[in-house]
Amino acid sequence: MKKNETKQKVMDAACKLFFAKGYHGTSVRDIAKKASVNVSLINYYFNSKQGLLEAAVVHYYEEYLKALDGLIHQEDDLKPIDQLKKMVRVIIQYKQEHYQFTCFIQRELTLDSIFVREMMVTYLAKENYIISKAFNAALEGTKHNNIDRELLLLQLKGLLSTPYLAPNEWRNKVIWDQSHEFFITKYSQSIQKWLDYVTEEIQQKNSSSPINESNPNSSSTCQSK
């Protein structure tokens with residue numbers, strides 16, 4: 001097995017165990033047994049359990065942010081609201097495809113630790129910037145004041161995180177591979193409907209017919225000719 005494949009196998013095993021038993025409840029020996037490798041190999045690749053955790057988190061967030069950056073550059077010709085809706089789908093899909101580690105990370109984020117502070121400075125700050133920028137662009141032209149926008153943004157972040165903060169409540173709803181895709185679609189759509197409600201006044205403006213806004217006497221003028 002190649003080096004990168006072995007490292008990924010170890011990280012996958014660690015993610016499953018961190019989700020099931022927590023970071024402190026998981027030993028390097030547990031991870032080695034789950035991955036079918038020697039403890040010395042884990043120490044060689046990652047130096048320690050903390051090093052393994054950091055490597056897994058870095059890999060998770062770099063791939064996640066790469067997906068968001070890719071969407072921004074590929075869909076830059078879309079209306080802001082449509083780009084935000086696509087972003088919602090990308091976020092939910094990524095989190096669902098990495099369900100167990102996403103739940104573990106969300107759980108760790110509720111704790112005040114050096115690990116969390118380091119994540120806040122790097123990856124979480126960039127994630128917040130990307131989502132906030134897209135959300136504020138979608139709300140451009142609405143009557144929401146700054147305080148309202150901040151509270152609505154907080155609600156959006158909550159919607160994107162809730163399934164992974166309370167995994168036990170969702171366990172019976174996503175139990176086989178096909179249901180993951182179903183959940184991604186339906187849950188993304190529910191958030192997108194919420195966005196439609198938040199940006200309703202913009203959509204009403206866009207749906208207004210140019211004929212209705214034109215001079216009501218224009219048709220009679222044409223007929224008189």
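Cβ from N, Cα, C; glycine included.
TrEMBL has this to say about the protein:
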- 4-64: domain 'HTH tetR-type' (DOMAIN)
- 27-46: DNA-binding region (DNA_BIND)
- 205-225: region 'Disordered' (REGION)
- 206-225: compositional bias 'Low complexity' (COMPBIAS)
>> Six or more residues beyond either end and a Cβ under 8 Å away: which residues meet both conditions relative to the DNA-binding region (27-46)?
In response: 6-7, 9-10, 12-14, 16-17, 21, 52, 55
> Which residue counts does DSSP yield for the DNA-binding region (27-46) in the helix, strand and coil classes, in that order?
Replying inline: 16 helix, 0 strand, 4 coil
> Can you tell me the mean pLDDT for the DNA-binding region (27-46)?
Replying inline: 95
